Every structure is written in C-alpha cells, then in structure tokens.
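Copied from Swiss-Prot, the annotated features are:
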{"type": "SIGNAL", "residues": "1-25", "note": "signal peptide"}
{"type": "DISULFID", "residues": "Cys35-Cys54", "note": "disulfide bond"}
{"type": "DISULFID", "residues": "Cys40-Cys59", "note": "disulfide bond"}
{"type": "DISULFID", "residues": "Cys44-Cys61", "note": "disulfide bond"}
{"type": "DISULFID", "residues": "Cys49-Cys64", "note": "disulfide bond"}
Amino acid sequence: MKNIAMKTTVVLTILLLSVLTAINADTMKKRSDYCSNDFCFFSCRRDRCARGDCENGKCVCKNCHLN
C-alpha cells in the first residue's frame, strides 16, 4: 500500500510541474510579444521620443531627441 501511494505522489508531482512549466512558458511568451500603443508611448518617452507606436508587434519610437 505504501508503494502505491509513493508512486501516485510522484506521478501527481510530475504532472503538476509540467502544467506549471507550460503556464509559465506561455506567460513569458505573451510578455515578450506584448505591444500596445500605450506601452510604446511610455517606453519611448523614457528615451526622449515624442511618439511611440506599435507596428508589427514591435515598438517604433518616432521624433527622438538624441542628447
């Protein structure tokens, strides 16, 4: 009986870890692909640019001052 409980615990632990890993990978992918005009605007303002637009999933800063 003890052996069956141990095997069940190991299997459930492995399943839980695989689910958590899949969720984390999906979350990280969404974060790296995240792009919105508001996010780009504030990101580009930090770099002293007047505008920031989301184009093709990437932030594009416009009207930047280089000093």
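Just so you know, glycine gets a Cβ as well, placed from its N, Cα and C.
Nearest by CA distance to Cys49 (disulfide bond), out of the disulfide-bonded residues Cys35, Cys40, Cys61, is Cys61. A helical conformation is recorded for Cys40 (disulfide bond) in the three-state DSSP classification.
Here the CA atom of Cys44 (disulfide bond) lies 8 Å from the CA atom of Cys59 (disulfide bond). Taking the C-alpha positions, the distance from Cys54 (disulfide bond) to Cys64 (disulfide bond) comes to 16 Å. On a Cα basis, Cys40 (disulfide bond) lies 8 Å away from Cys61 (disulfide bond). Cys64 (disulfide bond) has Cys44 nearby among the disulfide-bonded residues Cys35, Cys40, Cys44, counting only those with a Cα within 10 angstroms of its own Cα. Long-range Cβ neighbours of Cys35 (disulfide bond) (same chain, at least 6 residues apart, Cβ-Cβ under 8 Å): Cys54, Gly57, Lys58, Cys59. Reduced to three states, the DSSP call for Cys35 (disulfide bond) is coil.
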